[in-house]
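Please read the structure below before turning to the comments.
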Amino acid sequence: MATTTQPASTTECRGFAFWAIILALNLSSFLTLLEGTIISNALPAISAAFSGSGTLWIGSAYNLTAAAFMPAAGGLAQAFGRKPVFLTSLSIFLVGSTMSAAAKSIETLIAGRAIQGLGAAGVFTCCAIILADVVPLSNRGIFNGINQMTWCLASAAGPAIGGLFASKGIWRWIFYINLPLAAPAVVIIVGFLRLKTPQRKLSDALRQTDWIGSALVALSSISVSIALVCGGVQYAWDSWRIVFLFCLGATGFVAFIVYEVYLARFPLIPFQVLNDRTTLSGYAQIFVVPIPFLAVIYYMPLYFQACKGYSESKSGLALFGITVTTPVASAATGVLIKYTQRYRPQIWTGWLLVIIGLALLCTVHERTPEALVIFYESLAGVGFGVQFAALYFPVLAPLPLAASAPALAFFTFLRMFAQIWGINVGGAILQGKLERTTAIKEVAAFKGKEVMQLIPLLDRLDDQQLDAVRHAFAEGLSTVWKVMVALAGLGFILSLFMRHVNLHTKVDSDWGLENGEAKEKRENETSRGSRETV
């Protein structure tokens, strides 16, 4: 692929089409990201509706397939073009949404969620790549800040929206809502997105797609994700099934790396991008930060329901500390990076705020005032918002422009894969802690139940049992936050390996918005070539 670039000034002519595309990208991101967390606060209601186990799979199936197929989506976008892959992915996402909304069994719902995730993989990846195609890195601070604000807002608002639907008995609208809201994005992308695309035959595009690498990373991700979902819940962590899945996933990842480095003609992820310590540090940090973030998003509503007796909708609203601060901090960080052209101070500050906020959450018990809990959330939320906006830059700044698409595909893969760890590691810690608690063991109705299935049963307890169970939940969640503090500390240490790299002021000329002059030139060349052939 050509590595030539065009000056950033060519991207400054931003008319209606440009801003419509930015709107469509953010709307699409919002919908697909919302589905990652909207389910968390509705799981008790959905579990009661189907009267079955496996509720963790409803949330995990989405993140599992989304993470597994993100690298492949990046490769397909590079081979076939951004627009067709984006529209196909959004269509798959909507098919999965319809299937989930109409599900009559928990198995069908889980399958629909998996299909949703498959489509979301392409939407996530293409949104990031298209933004990189049309805005140079030096000017991308504001746009990336807006994009990350959308990401944070969707992730943080999901539990409140899901809880509201669940409390009204209309949890199926968690999935139906995507159908009307996606329509404007489809219309805008079809009507206004005109990207320059390198001309190649279908046979060449198929040949240049890394099918083997895509299969290896997908199967490896799925193996590890299944182990994370089932470990400590359905099977003990040291059971042969869980150990086998982890070993299978690790072997697959090693095989993937060997294949990509030594055998692949058109590697899915060019591993030379990891030769720079700043890029490597950025990748490592973007894997770490979603783990505590998703743990907070998923399990703080559980705290308010179990320890405070809140309804699904009220517990979602109690997350407004992180719902408000995270997107605002993300947008502000994007603006700051745009005007300072610096990203390291913001990242270091972000990690310190995350560590302080999570450390304070470790002190929360069942009688802690709500205002104090929300303040602790807010501190962590500001830190998370800073990180999500800033970590994009150490990854891309040291790389050549031509590596942006695969680098961003790997970036989105790591972020989504980390979310699976945040949801399921947090759940496994809490499940294990509760199962060892005397207060939980003494309630016969709790035996064999997953964490989310316990919430609807709390109304059946007498006051003494309820106090003991609430204390057990608070203690269990405190253990979760302690683990997350350790992870945030690791993230801060990783951030110390970054060096400052100037941000690119150009975009890759092989891609980007097609202006009238370029389009006319290409059409003239095509016409001239046809006449010469004749």
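Heads up, the Cβ atoms here are built off N, Cα and C, so glycines get one too.
Annotated features, as they stand in TrEMBL:
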- 21-503: domain 'Major facilitator superfamily (MFS) profile' (DOMAIN)
- 16-34: transmembrane segment (TRANSMEM)
- 46-65: transmembrane segment (TRANSMEM)
- 85-103: transmembrane segment (TRANSMEM)
- 115-136: transmembrane segment (TRANSMEM)
- 148-166: transmembrane segment (TRANSMEM)
- 173-192: transmembrane segment (TRANSMEM)
- 212-230: transmembrane segment (TRANSMEM)
- 242-262: transmembrane segment (TRANSMEM)
- 282-304: transmembrane segment (TRANSMEM)
- 316-339: transmembrane segment (TRANSMEM)
- 345-364: transmembrane segment (TRANSMEM)
- 371-393: transmembrane segment (TRANSMEM)
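Proximity of the transmembrane segment (115-136) to the transmembrane segment (85-103) is established through 3 or more Cβ-Cβ distances under 8 Å for residue pairs spaced 6 or more apart. Through the fold, the transmembrane segment (242-262) approaches residues 210, 212-213, 216-217, 219-224, 226-227, 230-231, 235-236, 268-271 of its own chain, all at least 6 residues removed from its boundaries and within a Cβ separation under 8 Å. For the transmembrane segment (85-103), the neighbouring stretch richest in Cβ pairs under 8 Å, chosen from 16-34, 148-166, 173-192, 212-230, 282-304, is 173-192. Residues 26, 29-31, 33-42, 44-46, 173-174, 293-294, 297-298, 301, 311-317, 319-320, 322-323, 326-328, 330-331, 333-334, 381, 384-385, 388-389, 392 of the same chain, all 6+ positions outside the transmembrane segment (148-166), place their C-beta atoms under 8 angstroms from a C-beta of that stretch. For the transmembrane segment (173-192), the list of distant contacts is 17, 20-21, 23-25, 27-28, 31, 35, 38-39, 42, 83, 86-87, 90, 93-94, 97-98, 100-101, 112, 116, 161-162, 165: same-chain residues at least six beyond its ends, Cβ to Cβ under 8 Å. Taken together, the residues of the domain 'Major facilitator superfamily (MFS) profile' (21-503) have an average pLDDT of 83. The stretch with the most CB contacts under 8 Å to the transmembrane segment (282-304), chosen from 16-34, 212-230, 371-393, is 371-393.
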